Structure formats: structure tokens, C-alpha cells
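To start, the structure itself, in C-alpha cells.
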Amino acid sequence: MTYMQKLIANYKDKNLILKILVGMFLGAILGILTQKFGGGFLNGFAGFAEILGNLFVGALKAVAPVLVFILILSSIMTKKLGNATGIKYIITLYIVGTFLAACVGVAFSFLFPTTLSINDVVAADKTAPVNILVVLKDLFFKIVDNPLHAISSGNFMGILAWAVGFGIALRFCTNGTKKVFVDLSEATTKIVQFIIQLAPFGIFGLVCTSVYNTGLSTLAGYLRIVIVLVVAMAFVALVINPLIVFVTLRKNPYPLVFTCLKESGLTAFFTRSSAANIPVNLNLCRKLKLDEELYSISIPLGATINMAGAAVVISIMALAAANTLGIRPDFGTALLLCVISAIGACGASGVAGGSLLLIPLACSLFNIQNDVAMQVVAIGFIIGVIQDSVETAINSSTDVVFTAVASHKTNPKN
């Protein structure tokens, strides 16, 4: 064995989470040094780190659509469709979890009312959905997207629909054809495992770029809203989700919750993309020995509709806008906001800008003008380095938590 082979083998043997933490630490140090001192060498090294981060996220985003399509197609065409109950169960968990998260956001807004300084903020220039029907219409149109376009653009609702359709249609094909897709599935999985091994380098680049570009001074003016958002989402992750797990399985939920936060949430925090984190979640489900028929569908589905973090963000930011304008919603309006936030959050992945551009939709409930609402969206983009990171971590880790619950509930042997 050559020295390079020994080095690679030694790297692969080390704990992935430990390697990611080392990458985070080194990336933060490089970002701070480059921001403070600059210089040709440091700037060049930081630029190289940014390339590493972009390559990592790009690789995950590139492989995720192909992985989802092949896994679902091969799973449906080669195995018995015996877990329809599990799919219904996971969808129910996604809906209940997202609605409860919206309720948490509203509750925290009433407990810790927050106002925003919106006069000096330039309104975001993207177009937001006009009403909830627009969000739902966009989702339905994504389902009937061209399959090649769906894969190339990362439209996971379209990928899910076409993978299920092709899988059912090919269930009666020859064993030779089935073996081809099984082999493709295994090959794609190996590629994903290789990309995940490179996560420490990608995280190093992402952290370095984030610290260098943003620092802490920009966020200081919006510290209160950031704290309320983060604490509310942490409450969802550490109280609401464990409560759902305990009520469902009647056992200690925290080993599962902490495992999902550590192995899924940590990566999602830095990639800031539920779609890019799909391969990580599928790999974690495999490690947890969950039902493959279930998780091959529930994980990409969760990346599209399970948006607990987004529901928190939409409700808190909308109520912050209302508080800023002196609007005091009653209980009925707040409850309606929970419903709108939950439904809107389910469509967040179908909107460019995610949950932030659905804030005007929630603001319309209080008759807040769109130009004011878009200034709130702009604040969301300013604090996005924290808000979007925590939101994605909650969204993505919850996918695995609920998948594990459904898998254990419908198949106790897992």
C-alpha cells in the first residue's frame, strides 16, 4: 500500500462528524483572519475555500435528483408495495409537525413581541406569491413537469411523480431490466457515499465564506428577531419533535432526535439546502436500518413538504411586521395564521427564496401593504446566514426523525 493509499484509508476511518467539526473550526479561523487582515495569500486561500464549498454543495445538488429518481424507481419496480400505510403515516406526521411548528412560531411571537426597523431597508426585488392558491398551483404544475427538466432543475415533486409512475409501469418488465436499475441504484449510492466523505472540505469552505462575507456586525441590529427565531426553532427540534416521537412510540425520543440533529442537521446547517441534504438523509436512514421502501420516498417528499422551520419563520416574521405597524391580532386571526403558515411552508420549496418570499402571503392576513412586507423579506435575507441555516437544519433533520417514527410504527422489527 502506497503512502497516498494509507492516507486515504486513514481519512476514511476517522469519524465523519469529528472531521466536519474540524473543518468548521478551521473555516471560521480562516474567515476571521481574512476579514481582519486580508492580504494576497489569505484572500487567495479564502477564494480557494469558497470554491471547495461551492463544489461540495454543487455536487450534492447534482447527484440528489438522479439518486432520488433511481432509488424510488428501482424500489417500486423490484419490491412489494407493502408499506402504503407507512407513507400515509409519514405524510400525517409531516402535516401535524408543520402545523405545530407554526403554532410555536405564533406563541413565541406573543410571548416575545418583536418589532423591526424597516425604514432604511431596501425592499427585496423578487416577486412573492399573491395568495395560497398560487403556491398550491405551482406545486401541482411541478408534479406534471417534463421528467428530464424535473431532474435537471431539481424539481423533486416532479421527480417523485415520474419515478413512481415509471416504477409502477416497469413492475412487470423482465428480471434483466430490473437488475439494470438495481445496479444503477447501487452505483449512485456509492457516488453519494464518496461525496459525503468530502463533506469536511465543503463545510470548511462554506464556513470560511460565510464568516468572511457576513461577520457579526451586520446581524447585530437584528439580534432580537434572530434570537426569537432560533429559540423557537430549537423548541420545535428539542420539545415538539421529541413529544411527537414519545406519544407515537412510547419510548425515550432523544437518542433518535440527537442522532438526526448531529448527522443530518449539522450538514444541512451549512449547505442551507434540503435538496442538497437528501443524500445525507438517505445515508443516515440506511445507517439506522429503516425501511428502504419507506425512506426512499419519504425523504425526498419531506424535502418538499416537511417545512417545520419555514412555518416558524413565516409566522414570526409576519407577526413582527404586524407588531411594527401597531397591529394586534386576536386569537382567531392568530390561529388562521398558523394554518396559512403551515400550508405556505409546505410550498416553500416550490418558491425561489423559500420561506422568506411567503412572508407577504402571511402579512396579507393583516392587510399589510406589499411594499412593507417586502422590506420584511429583505430583513430576512440579511439575517439569512443564521435564519436559513437553522431553518434548513430543522427541516432536514425532522425528515429523518419522522421517517424513523413511521418505520418503527409500521414495522416494529426495524
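The first residue you see is number 1, and the count goes up from there.
Cβ atoms here come from the backbone N, Cα and C positions, even for glycine.
What you see is a predicted model, and the numbers here were worked out from it, not measured in a lab.
Swiss-Prot annotations:
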type: TRANSMEM; residues: 15-35; note: transmembrane segment
type: TRANSMEM; residues: 56-76; note: transmembrane segment
type: TRANSMEM; residues: 90-110; note: transmembrane segment
type: TRANSMEM; residues: 150-170; note: transmembrane segment
type: TRANSMEM; residues: 191-211; note: transmembrane segment
type: TRANSMEM; residues: 225-245; note: transmembrane segment
type: TRANSMEM; residues: 299-319; note: transmembrane segment
type: TRANSMEM; residues: 339-359; note: transmembrane segment
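Each of 15-35, 56-76, 191-211, 225-245, 299-319 was scored by its Cβ pairs under 8 Å to the transmembrane segment (90-110), and the highest score goes to 299-319. Annotation: stretch 15-35 has the most Cβ pairs under 8 Å to the transmembrane segment (191-211), among 15-35, 56-76, 225-245, 299-319.
Proximity of distant same-chain residues to the transmembrane segment (225-245), defined by a Cβ-Cβ separation under 8 Å and at least 6 residues beyond the stretch ends, is recorded for 93, 96-97, 100-101, 104-105, 108-109, 112, 114, 116, 219, 253-254, 256-257, 261, 265, 308-309, 312-313, 316-317, 320, 379, 383, 386-387, 390-391, 393-394, 397-398, 401-402, 405. If one looks beyond the transmembrane segment (56-76) by at least 6 residues along the same chain, the residues whose Cβ comes under 8 Å of a Cβ in the stretch are 150-152, 154-156, 159-160, 162-164, 166-168, 170-171, 178, 181-182, 184-185, 188-189, 191-192, 195, 198-199, 201-203, 205-206, 271, 273, 275-280, 282, 292-293, 296-297, 300.
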